[in-house]
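Read through the structure below, which is laid out as structure tokens, and then see the notes.
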Amino acid sequence: MCASVKYNIRGPALIPRMKTKHRIYYITLFSIVLLGLIATGMFQFWPHSIESSNDWNVEKRSIRDVPVVRLPADSPIPERGDLSCRMHTCFDVYRCGFNPKNKIKVYIYALKKYVDDFGVSVSNTISREYNELLMAISDSDYYTDDINRACLFVPSIDVLNQNTLRIKETAQAMAQLSRWDRGTNHLLFNMLPGGPPDYNTALDVPRDRALLAGGGFSTWTYRQGYDVSIPVYSPLSAEVDLPEKGPGPRQYFLLSSQVGLHPEYREDLEALQVKHGESVLVLDKCTNLSEGVLSVRKRCHKHQVFDYPQVLQEATFCVVLRGARLGQAVLSDVLQAGCVPVVIADSYILPFSEVLDWKRASVVVPEEKMSDVYSILQSIPQRQIEEMQRQARWFWEAYFQSIKAIALATLQIINDRIYPYAAISYEEWNDPPAVKWGSVSNPLFLPLIPPQSQGFTAIVLTYDRVESLFRVITEVSKVPSLSKLLVVWNNQNKNPPEDSLWPKIRVPLKVVRTAENKLSNRFFPYDEIETEAVLAIDDDIIMLTSDELQFGYEVWREFPDRLVGYPGRLHLWDHEMNKWKYESEWTNEVSMVLTGAAFYHKYFNYLYTYKMPGDIKNWVDAHMNCEDIAMNFLVANVTGKAVIKVTPRKKFKCPECTAIDGLSLDQTHMVERSECINKFASVFGTMPLKVVEHRADPVLYKDDFPEKLKSFPNIGSL
């Protein structure tokens, strides 16, 4: 459209008036600019809050540029760490509130310089490692610069290395934090705890209820389910590039590379070397290196010099012994080399042991069994050793190789505690990428409730019933939780309708044309399926209401490993014929729900297409029947659980469809269905289907209650 323009034929008479208007315009503009400059200047010098975590950024981390806070000698000191703290006793989950993304929010305090009464600095300049840690948090989805939205608080006081700390004064500085509140919901990171002579296994700074992500916990100091055991970061991770080495036997069976070991430990190791010869290599610090050669990058055995950590890749097993501290950076080096760590450190809490299965990547040997370590390792099968080598490297890549990886893994563990229904599964924590099946998740290990925001993908299998197909699409599109609609066009002799003829719906609609007319096409793991939930529905199921479909989806969310559907069927044992029989009559029992209208997890599409036992898939395609029964067998066999029938509806025949249109009306159909059950039971070697005598209905179904107050008023009839 073009805007209409009107011209005034009395233009010359308006010239003096327009000059006056221009003069007023420029005077007004100048006044606004001047007022803006004055307001900006006043704001710069006017006292205002500086409590913004933007103030800890890189440009302001020099101690010379930050506010100075004087700590009087009598400043309050927090209590010692409360060893009885657990998440339900010392952590305030109500600060986290409802979060639709199931993500905690982390606030980083502004950087300040703390000094004592004599002006001596309490805290040193933030270390490079702590700077990287704060940067990792600030760049993550957990970060917030709004202190009022925060669930977790991280101080800008660096306590990674206790050797550099003034214990009392650091604790006093912690108590000055604006939201300290006895350390509730505060997280401290420490990798080198304790100091001479005791070398305690947890940070000695009094911290009251604060959570501690510590790098050297023992079973005596670790508050299980509250603290987080983290690795001691190895600087060599960033300095040395060790290409991944394939699993398998290596030059040395057992290697020790640590320096400064206790004499008794070294004697035991050297005794193993004498007993087992060249298969054991015990290295020590080099004493006669050329000038300029970094001793940290070299290890020696007698007069032979080895590059470190490269030498670790030449060993199958690498010893990780306790030093003055329980946690050792050598563990990270060993994992990077793909060497299986042999941890000999009684009571040591391995990093991220709350979620990582260390039995898959390491061998833990009691200190008293150190002399038997060689025979213990020899008893491990070679195939298991190779799997442990792969797992060791994977742990390093995912959780050890950078400060960022350590920080984010720590926050994820805490996040999983606060939102357990959305927690990362065991497989996601522990399985290397090669083991994971892309975006497919095993329903046996799903969170308690899948995220509702994802909704479901409806897959409609069709051939040429366009009119009823469009009616199904229109009805399904009314379901609030529908995310996408996928039409599987199974007719190779006829083109789908033109784009302009399809119903206009609120969600994406995609048509997939198949190469062959196979019933199994409905269960193919299409890339377009992005949701966990799938609704399989036939093109003649026009009777289901949006309330029925939405209720079915809600039930599936509670039971995501089940087949949740509408048409119920039963299998019976025919004593006269001595075989199984397919039953479609209404009874008190149900053992199958037909996938003409059923919800299931997309994982089962993968299993149906690639892992279906025997020749079942080909048999279904050849007979053009029973793909729904095959899916029932598959799900029941994997889960060991029964189907769930939802809503009372029992009639699903399309009133407009003729006998020619409806496959289920064929006279031989019932006989073939019985044959399918017997065929599948033979292939599976058992009868996995479970019989149940219940169904799921909305709570207020058939109650004398106003319809407008019911969540699902239109459940429909039989």
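Note: Cβ is positioned from N, Cα and C throughout, glycine not excepted.
As annotated by Swiss-Prot, topological domain 'Cytoplasmic' applies to 1-25. Per-residue pLDDT, averaged over the topological domain 'Cytoplasmic' (1-25), rounds to 43.
Taken from Swiss-Prot, the feature transmembrane segment covers 26-46.
Residues annotated as disulfide bond in Swiss-Prot, with experimental evidence given as evidence: C85-C90 (among others). The DSSP secondary structure for C90 (disulfide bond) is helix.
Marked as disulfide bond by Swiss-Prot on the basis of experimental evidence: C96-C151 (among others). Taking Cβ-Cβ distances under 8 Å and a sequence gap of 6 or more within the same chain, the neighbours of C96 (disulfide bond) are I104, K105, C151, I418.
Per Swiss-Prot, disulfide bond is recorded for C286-C300 (among others). Here the Cβ of C300 (disulfide bond) has 18 other Cβ atoms within 10 Å, regardless of which shown protein chain they belong to.
DSSP gives N288 (N-linked glycosylation site) a coil state; it is part of no helix or strand. Annotation for N288 (N-linked glycosylation site): no same-chain Cβ neighbours under 8 Å separated by at least 6 residues are found. What Swiss-Prot records for N288 (among others) is N-linked glycosylation site.
The secondary structure of C339 (disulfide bond), as reduced to three states from DSSP, is coil rather than helix or strand. The disulfide bond annotation in Swiss-Prot covers C318-C339 (among others).
Residues or ranges marked as Mn(2+) binding site by Swiss-Prot: D540.
Under the DSSP three-state reduction, C676 (disulfide bond) is assigned to helix. For C626-C676 (among others), the entry in Swiss-Prot reads disulfide bond.
A simple way to gauge crowding: the CB of N637 (N-linked glycosylation site) has 17 other CB atoms within 10 angstroms, across all the protein chains here. In the three-state DSSP classification, N637 (N-linked glycosylation site) falls within a helix. The N-linked glycosylation site annotation in Swiss-Prot covers N637 (among others), and the record cites experimental evidence as its basis.
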Cα proximity to D540 (Mn(2+) binding site), best match among disulfide-bonded residues C90, C286, C300, C626, C676: C626
Rounded inter-Cα distance in Å - C286 (disulfide bond), N637 (N-linked glycosylation site): 60
Alpha-carbon spacing, C90 (disulfide bond) to C676 (disulfide bond), which is rounded to whole Å: 58
Around the Cβ of C339 (disulfide bond), the count of other Cβ atoms that are within 10 Å: 30
For C626 (disulfide bond), nearby residues of its own chain (Cβ under 8 Å, 6 or more apart in sequence): V620, E672, R673, C676, F680
Inter-residue Cα distance where the pair is C300 (disulfide bond) and N637 (N-linked glycosylation site), in Å: 57
Sequence-distant neighbours of C318 (disulfide bond) in its chain (C-beta under 8 A, six or more apart): L254, L255, S256, S257, L312, V330, V334, A337, C339, V340, P341, V342
